[in-house]
Structures are given as C-alpha cells and as structure tokens.
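K.L.:
My structure is below; once you've seen it, I'll send some questions.
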Amino acid sequence: MDRGLSTGAHQADDGLRERTVASQSSSAPGLEALTATGEGEVKDKAGKGKKTYGRTPQGKVFTVPQTHDMVSQLLSPSEPKNLSDVIVLAILAAHILLLWRLPAGVKVPVFAFIYLFWRGAYNAGIGWLLHNQSNHRTLVRWAEKTKIFVNPATGQNPHANLYKLIKRELETKIPADYSFEDAPIEYNTWLVFRRLVDLILMCDFTSYCLFAIACSQRPFDEGTLMTVLRWSAGIVLVLFNLWVKLDAHRVVKDYAWYWGDFFFLIDQELTFDGVFEMAPHPMYSVGYAGYYGISLMAASYKVLFISILAHAAQFAFLVFVENPHIEKTYNPPPPRKRTIEQENVSITPQRSDSPSAPASVDEQVPHAPSYSSGPPPSVHNLLGFRNLDLYRTIDTSSILIQFLVFALTVLTPSTPWFQFLFVANAAVWRIWYSVGIGFVLNRQSNCKAWTRHFVKYGESPQEAWNQWKGTYHISMVMCYASFIAAVWKMYSFPADWGYGLVLLRHVLGAGLIALQIWTSVSIYESLGEFGWFYGDFFFDESPKLTYDGIYRFLNNPERVLGLAGVWGAVLITSSGAVTFLALMSHILSLGFIQFVERPHMQKLYGRSLRRDAGLTKSLKRSLPPSLQQLHGSVDKIFDESFEFIEELIDTARPKLAAGVNTFVKDTSALFQKYPARVTISRIDEDLAGYDLRDYSLEIEGTDSLSPNDNDQSGREGANARMPLDRRGDLKNLVFEYGSPIKVKWTAPLNHSKKDWIGLYRVTDNTSREVTRVSSQGRWIAVNEGSYDNLTCEKGIVSSDILIPASQRKDNENRDLASGEVIFSGDKLFWTQGVFEFRYHHNGKHNVMAISRPFEIRISRFDEDEIPLMNPTSVELSLFPVVRNCLDRDPQIAPETVDEPFGGLVERDGKYAKRVVFAVHQM
C-alpha cells in the first residue's frame with residue numbers, strides 16, 4: 001500500500017547480497033579514479049577490461065581478480081582443474097555410487113541423514129564461521145596464527161608443503177591479475193574459504209536430489225493428466241529457480257555469492273536489477289522454488305517436509321548470520337550531531353516599561369492554544385509482545401476481548417446455529433474494519449473530522465491521534481479474532497490424513513498463513529507505527545515518501561500477500577462459509593485501497609508516487625510489447641470500473657459514527673542481546689615453575705561520591721555505631737556505577753600468552769584456586785593475538801612491559817612482565833554489589849591472583865537536600881551517571897547536559913535500561 005511508504009528515513013537500494021549499501025570512503029592514494037567516479041571498476045592501461053579494487057579492514061587497497069562460479073569451475077572443460085576440484089568431484093561421485101549400491105529399503109533414511117548433515121554443515125557450520133569472522137575476524141586470525149600464507153623462505157612458516165599446495169591450488173584457478181605472495185591475507189583466506197563452500201554447497205544440492213530420487217514415486221490412483229500437470233509444474237519451478245540463481249549471480253558476482261564482504265570490501269557502486277527487484281532476499285525466498293518443484297515431481301511428502309525444513313534453516317541463517325552483518329557493515333548509526341537546533345523562541349522576559357509593538361488580535365485572545373502540525377515523538381510502541389503493557393487500557397482491553405472470544409469459541413458447541421453466529425460475527429467485524437474504518441479515514445483526509453472532534457472539546461491533535469490508534473488497533477484485533485473463531489467453528493479434524501490432498505492442503509494453508517504473518521511484520525518494519533496507523537492522515541508534516549523494505553518490490557503488498565492467510569484458512573477448512581469470508585475480506589480490502597488509501601496518497605504526494613513497483617517493472621520488461629499493451633488496457637478497465645463504483649458509493653454514502661478507545665505515545669528501541677560466553681572450568685596440569693608471588697592485580701577507578709565508611713542507620717547496636725577503626729592504611733574501594741576500571745597486572749616473564757583476567761561477584765566463587773563460574777563475556781586477554789576473537793582484546797592497553805627485579809616491592813630477584821587492561825561497557829556488571837578480578841592461567845580457570853574486592857555503588861540524593869535543589873544541580877548530578885551508562889562513548893554519550901544522544905541509543909535498549917536502573921537507585 002502506498003500509504004506505507006511514508007516512513008521516517010530513506011534507505012538506499014540493496015547492496016551486496018541484498019544489502020543496503022553505505023558509501024565507502026576512499027582515502028587511499030593512487031585511487032583518484034575511484035573517488036572521482038564513485039566506482040571501483042577502472043579500465044586498465046590497454047583499455048580492454050575493467051579492474052575491481054578491494055579494500056581490507058586495515059585500509060590496504062588491492063586488485064580483485066576475476067573468478068568464476070563453482071559450477072563452471074567444477075564441470076566446465078575449459079576451466080583449469082586442480083586437486084580440490086578432483087576431491088569435490090570424487091565426493092559427488094561417491095554419493096551417486098552410494099545411491100546405486102544401497103538396498104532399496106535403506107536408501108531413504110541414509111540419504112535423509114546425508115542431506116541433513118550437509119545442510120547442517122551449510123547453515124550451522126558455514127554460519128558459525130561467518131558469524132565469528134564478522135565479529136572477531138576468526139578465519140583471518142587463524143591464518144595469521146598458523147602463518148600458512150607466509151613464504152617458508154622467511155623461516156616463519158613451518159608448513160612448507162601446505163604452503164606450496166595452497167599456492168598451486170589458488171594460482172591454478174586464477175591465472176591472471178593474482179599473486180599469491182602479494183595478495184592480502186584477507187583475500188587469500190577468502191579464496192580458501194570458497195573451496196570449503198564449494199564442497200558443502202555441491203554436496204548439499206547433490207544429496208538433496210539423490211534423496212528426492214530415492215523417495216520418488218507415482219501415486220497408484222493418479223491419472224495421466226494429473227501426472228503431466230504435476231511434472232509440468234515441477235519443471236517450471238525448477239527452471240524458475242535456475243533463472244533466479246543465474247540472474248542473482250549475474251548481479252552480485254562471486255564477491256557477494258561467497259560472502260566476500262565478511263573479509264574485505266570492494267570500492268564499487270553495485271547496480272541491482274533483475275531478480276533483486278522481484279522479491280526481498282531472492283536467494284533465500286524465491287530462490288528455493290526449485291525445492292518445491294522437485295517435491296512435486298517426486299510426489300513425496302518426505303521430500304516436501306525436508307524441503308520446508310531446509311528452507312526454514314536457510315531463513316534462520318539469514319536472520320542470525322547475514323542480517324546482523326548487514327546492519328553492522330552497511331547500516332551504521334547516523335553520525336553524531338554535536339550541534340543543537342534551538343527553536344526561534346525567546347524566553348527572556350521583557351520589562352514592563354520597555355516599548356513594544358501593539359499586540360495583534362490573535363495574541364490578545366486568551367488561552368488560544370497552538371498545536372504542532374508534526375507527528376508526536378515516539379514514546380511507547382503499541383504493537384509487538386515486547387511492547388505489551390498491562391497498565392495501558394488498550395492492551396488490557398485487547399487481551400480481555402481475545403480471551404472472551406477464545407472462551408466462547410471453545411465452550412460453545414459447533415452446531416449449525418453457532419457456526420452461523422460466528423461467521424456472521426466475523427463478517428460484521430470485517431465490514432467494520434474495512435468500511436467503517438475507511439469512512440473515518442476518508443472524513444479525516446477530507447476535513448480532519450476526527451481531529452476536529454477532539455480539538456472542539458479542548459484536546460490536542462496528539463490526543464486525537466492516540467485515541468485513533470486505540471480504535472484502529474481494537475478493530476483489527478476483533479476482525480482477525482472473530483475470523484479465527486469462525487474458522488475454528490467450521491473446521492473438522494481429518495479422520496484420515498493420508499486421504500487425497502488432505503495433508504497437502506494443510507501444508508499449503510499453513511504456508512499461506514506464515515506468508516501473511518511475514519508480510520505483516522515486513523510492512524510494520526517498513527512503516528513503523530506512524531505509517532501502520534495511517535499517521536499521514538492526521539499530521540500534515542508527514543515524513544518523506546520512501547520505497548524501502550517490502551515496498552521496494554510491491555506498491556500494495558496487502559493487496560495479495562497481506563490476505564494470504566485467509567485463503568490458507570480456506571484450504572485448511574474446505575468450507576464454503578470460510579470461502580465467503582475470505583472472498584468478502586479480499587474485495588473489501590481492495591475497495592479500501594482504491595477508495596481510501598489511493599485518493600489520499602495522490603492528494604498528499606502527487607507526482608512523487610511511483611507507478612510501478614520493482615516486481616511489476618521486472619515482469620513488464622520480460623513481456624513482449626503486445627502483452628505490455630494488453631496489461632495497460634486491463635489497468636485502464638480496472639481503474640474505470642473502480643471510478644464508477646466510487647461515484648455510486650458517493651451518492652449514497654452512510655453516516656457512520658466512530659468508537660473511541662485510549663492509547664499513549666510510541667517509542668522506538670531495538671533490543672538485541674548478545675549471547676553470553678559459555679566457558680567450561682578446566683584445570684591446567686602444567687603449573688610447575690610458576691610462583692604465585694609473581695602474579696598481582698591492582699585496580700583503579702572513579703571513586704563514588706556516596707559515603708561508605710559510616711553506613712549507620714540507627715538500626716545497629718551501640719558498638720556498631722562507633723566510628724570504624726582501621727588498623728591498616730587501606731580503605732574500602734567504592735567506584736562509580738558504570739565507570740571504567742583499570743586493572744594493572746604482573747606475571748612472570750614466561751607467563752602463558754593465553755592468560756586472561758575475568759570480573760566476578762565476590763560471592764560467585766567459593767574456591768580461591770579455581771574459578772567455576774562463567775565470566776559471561778566479562779573478561780580480557782592479557783596479550784593480543786592469543787584468541788580467535790576480537791572481543792576479548794577490547795580493553796588491552798599494554799602488555800609484557802618489563803619490570804626489573806630492583807623495582808619489585810617484595811624484594812624478589814626475578815624480573816616481571818606487566819600490563820594494563822581497562823574494563824568498560826559490556827565487560828562490567830551493570831548493578832550494585834561487591835566484585836573482584838581474577839587472573840587465570842593459560843586459557844584455563846586456574847586462579848593465579850585475585851584483586852582487592854571493590855564495591856559498585858550509586859550515589860543517592862539526600863532527602864534533606866532535595867527541596868534546595870534546582871534544575872541545574874539535578875542535571876549536574878545526573879550527567880556523569882548518564883555518561884557512564886552510555887559507556888562514555890563519544891559517538892553516543894553527550895558532552896554537555898544539552899547535547900542529544902547518539903543514534904545507537906535508539907537501536908539498543910540496554911542503554912535506556914542502565915539509565916532507568918541508575919535513576920531508580922538514586
């Protein structure tokens with residue numbers, strides 16, 4: 001729907017492998033051509049070809065050689081072959097031979113296991129590698145640690161034979177513009193990773209086809225016509241799948257096909273057309289149509305179910321691996337705004353005796369309210385389980401109404417009379433949801449009737465907006481709740497799931513329901529709550545018209561996909577009454593789009609509305625000219641028919657009254673919690689030769705302003721009220737909430753490079769020799785390059801600084817190594833309590849040193865001082881706490897009390913929760 005295109009921010013077209021591409025800065029010398037043209041493809045000196053330039057995370061620029069897809073490399077006789085190709089082909093041949101040799105009774109389970117193994121290697125195995133490469137550069141760090149790409153002549157690579165093998169394999173595949181010795185380690189690592197991907201993907205597809213062959217059959221009661229139709233449909237789906245893959249590879253090339261942006265970036269503006277204009281994530285959505293085509297040809301539910309499982313696993317791969325990398329790489333938070341735009345309003349009072357111009361008539365009107373025409377700020381979202389708030393009337397009402405509908409549906413019998421009542425109830429709510437809500441929106445669009453009603457009684461347009469959202473939400477809930485209740489009443493459990501197409505109808509119906517849910521979620525993600533509740537009907541200063549998300553491919557996704565679930569219910573129930581409800585719902589939805597949304601969008605946005613969406617453009621380009629003209633004629637007839645109906649309705653339009661409910665303002669916050677680091681306690685047997693006196697930990701932090709020596713509250717005994725008698729010079733360590741803590745460590749010169757320091761509650765570990773509690777990510781390595789991730793190195797300041805024996809305080813005659821690390825951000829506990837640091841040996845959990853216990857405390861306001869406080873003192877008290885809660889990050893933490901937060905605060909809800917907790921404790 002076009003009204004959904006009024007979102008808050010414009011996003012560019014998809015980039016690498018369906019990504020939103022952010023422009024990459026080019027600062028490397030010698031690439032003036034790139035920066036001048038914005039492209040990374042530059043003609044060589046002969047002018048015969050183009051070269052693509054890549055850029056490593058360290059900024060090194062190199063030429064990306066041309067490569068070919070895996071099918072051509074493996075099967076094309078014109079492509080050079082190497083040992084890895086022979087191994088892959090041999091494994092594929094072994095799969096085929098196994099199908100031929102196995103007994104008929106074991107072929108299906110064996111190949112089901114083989115396929116699931118390769119599918120797991122794809123989605124779980126490759127997914128794990130890519131996830132760690134994206135977050136910790138794990139694959140590149142493995143290559144750096146093993147030095148397999150370093151020339152053995154330097155004496156640093158102990159794997160000379162492996163080096164020669166890899167060099168020969170890669171240079172055989174890329175004969176031009178490639179030098180194994182000169183290529184960056186990121187590029188060489190990617191090439192080796194490609195060979196692993198080739199093996200897994202080829203075995204995955206081959207084993208699936210062999211499994212389908214093992215399961216293939218022809219139903220005994222199937223006619224010739226049905227067989228021809230089944231095979232024809234299957235072949236069409238397979239050919240369509242093949243076209244999707246080929247066209248996608250034409251667009252993204254090998255770089256995105258093999259997840260090259262997990263290793264390096266290319267300085268190139270990519271143009272996305274073809275299949276990428278047809279559907280979101282075409283490689284993972286319509287790119288699996290061939291699986292269902294093969295299922296049709298095999299006529300096997302086993303193949304169908306394993307295809308659905310594989311498709312679901314691929315979407316999980318997209319959600320948990322690719323999408324986080326896309327957001328991190330191509331959609332970073334907006335740049336920090338250091339300036340504040342002040343409103344042109346003077347708050348300086350004027351003297352009564354100063355001359356002034358006479359006030360206008362409008363200014364002399366008492367209590368004349370003025371309202372902003374812009375949309376209200378986001379405070380509290382309405383949709384989604386995370387935004388459920390039982391203190392809100394609309395949320396409580398929705399739950400109670402749904403519970404009532406559910407109770408009536410379950411407790412009443414499924415007699416014809418009750419079935420009629422439930423179907424009639426669903427029809428009434430659908431009519432209200434489309435016709436009633438449409439009438440209200442039409443009046444709001446033409447004369448602001450809804451807003452004027454509330455302003456007439458002294459309310460603000462924001463209050464009218466809140467009441468409208470409640471009305472629309474409760475109407476939507478009742479529309480679908482009543483429809484589900486009617487479907488439940490009309491549904492009868494199958495007596496025989498194997499009879500006819502019963503099972504297939506249920507599978508297809510469930511798929512259509514899932515499609516509608518996905519469509520609704522995609523629409524909401526593109527629109528936000530402002531667009532979902534038709535905010536541009538209520539506020540003139542609507543956000544800029546954009547086409548992103550699902551609207552990049554479809555102008556009105558709810559026209560077909562948005563109602564797929566109701567037709568899924570028709571397939572599942574095979575009921576005439578449900579078919580009537582589905583048909584009525586579809587007709588009313590089309591009328592709502594034509595008579596309510598479309599006129600308003602044309603009036604509001606005019607010529608900025610596009611005529612054809614991405615899918616329509618792709619289909620039109622593929623049609624011959626005669627069919628394109630026919631398409632235009634059909635559109636004209638369709639528009640004229642709707643205009644006639646619109647004129648007919650305008651002559652006899654009923655006057656409807658609108659209901660009222662309540663709702664408050666919305667907020668935007670994305671909660672993404674990173675999984676905790678799970679560790680297993682291990683005791684290192686090689687502790688001989690290490691003296692615990694050589695290990696030590698000293699900590700420094702920002703002292704808390706809260707008093708910690710005299711905590712008497714009057715509840716103690718007489719002796720406990722006496723001043724604390726200290727027999728040493730050490731005072732309790734009390735640090736600010738969220739402030740970084742510096743840890744200085746010492747260790748023997750021969751200490752393990754895999755030593756690490758963890759942060760724990762004092763009460764977490766009863767043993768002082770071995771740590772048996774997970775650090776949950778609150779740990780830092782003492783040396784860089786010792787682990788396969790970068791997170792544990794965040795915070796290292798210095799390592800292995802020599803301390804001569806003469807500077808030791810314990811008079812020992814051994815030199816020591818020392819270093820510093822800083823714990824901050826996610827490596828801290830965001831609560832109050834008493835904590836300690838532990839120094840561990842060799843990547844294990846043997847404790848070599850424990851720091852002094854220290855307390856994290858939030859300073860509280862004295863109740864006696866609160867009446868004397870002014871806003872300035874409150875701001876100055878909260879300011880350091882807020883900065884600590886935002887990790888003192890200059891990109892998000894304010895430098896002054898008037899400066900706004902950075903964009904990342906809105907994306908990650910942990911920052912808001914930290915601030916709320918701290919203010920509550922204060």
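Placed from the backbone N, Cα and C atoms, the Cβ positions cover glycine too.
Features from Swiss-Prot:
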TOPO_DOM  1-85  topological domain 'Lumenal'
REGION    1-59  region 'Disordered'
COMPBIAS  11-20  compositional bias 'Basic and acidic residues'
TRANSMEM  86-106  transmembrane segment
TRANSMEM  110-130  transmembrane segment
TOPO_DOM  131-195  topological domain 'Lumenal'
TRANSMEM  196-216  transmembrane segment
TOPO_DOM  217-223  topological domain 'Cytoplasmic'
TRANSMEM  224-244  transmembrane segment
TOPO_DOM  245-277  topological domain 'Lumenal'
TRANSMEM  278-298  transmembrane segment
TRANSMEM  301-321  transmembrane segment
TOPO_DOM  322-395  topological domain 'Lumenal'
COMPBIAS  346-357  compositional bias 'Polar residues'
REGION    346-375  region 'Disordered'
TRANSMEM  396-415  transmembrane segment
TOPO_DOM  416-419  topological domain 'Cytoplasmic'
TRANSMEM  420-442  transmembrane segment
TOPO_DOM  443-473  topological domain 'Lumenal'
TRANSMEM  474-494  transmembrane segment
TRANSMEM  497-517  transmembrane segment
TOPO_DOM  518-562  topological domain 'Lumenal'
TRANSMEM  563-583  transmembrane segment
TOPO_DOM  584-922  topological domain 'Cytoplasmic'
REGION    701-722  region 'Disordered'
K.L.:
Return the stretch with the most CB pairs under 8 A relative to the transmembrane segment (278-298), choosing among 86-106, 196-216, 396-415, 420-442, 563-583.
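P.N.:
Between the stretches 86-106, 196-216, 396-415, 420-442, 563-583, 196-216 has the largest tally.
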K.L.:
Would you kindly list the residues that approach the transmembrane segment (86-106) from elsewhere in its chain, counting only those six or more residues past its ends and only Cβ-Cβ distances under 8 Å?
P.N.:
74, 114, 198-199, 202-203, 206-207, 210, 213-214
K.L.:
How about the transmembrane segment (196-216) and the transmembrane segment (420-442): do they have 3 or more C-beta pairs under 8 A, pairs 6 or more apart in sequence?
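P.N.:
Checked: the transmembrane segment (196-216) vs the transmembrane segment (420-442), no contact.
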K.L.:
Does the transmembrane segment (420-442) reach the transmembrane segment (301-321), going by 3 or more CB pairs under 8 Å (6 or more apart in sequence)?
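P.N.:
Stretch pair does not touch.
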K.L.:
Let me spell it out: take the transmembrane segment (110-130), skip the flanking residues so only those 6+ beyond its ends count, and list any with a Cβ under 8 Å from a Cβ in it.
P.N.:
95, 98-99, 102, 138-139, 193, 196-197, 200-201, 203-204, 207-208, 210-211, 214, 259, 262, 302, 306, 309-310, 313-314, 316-317, 320-322, 325
K.L.:
In the same chain, which residue numbers or ranges, 6 or more beyond the ends of the transmembrane segment (301-321), come under 8 angstroms Cβ to Cβ?
P.N.:
108, 112, 115-116, 119, 122-123, 126-127, 130-131, 134, 208, 211-212, 215-216, 281, 284, 288, 291-292, 294-295, 503-504, 507, 511
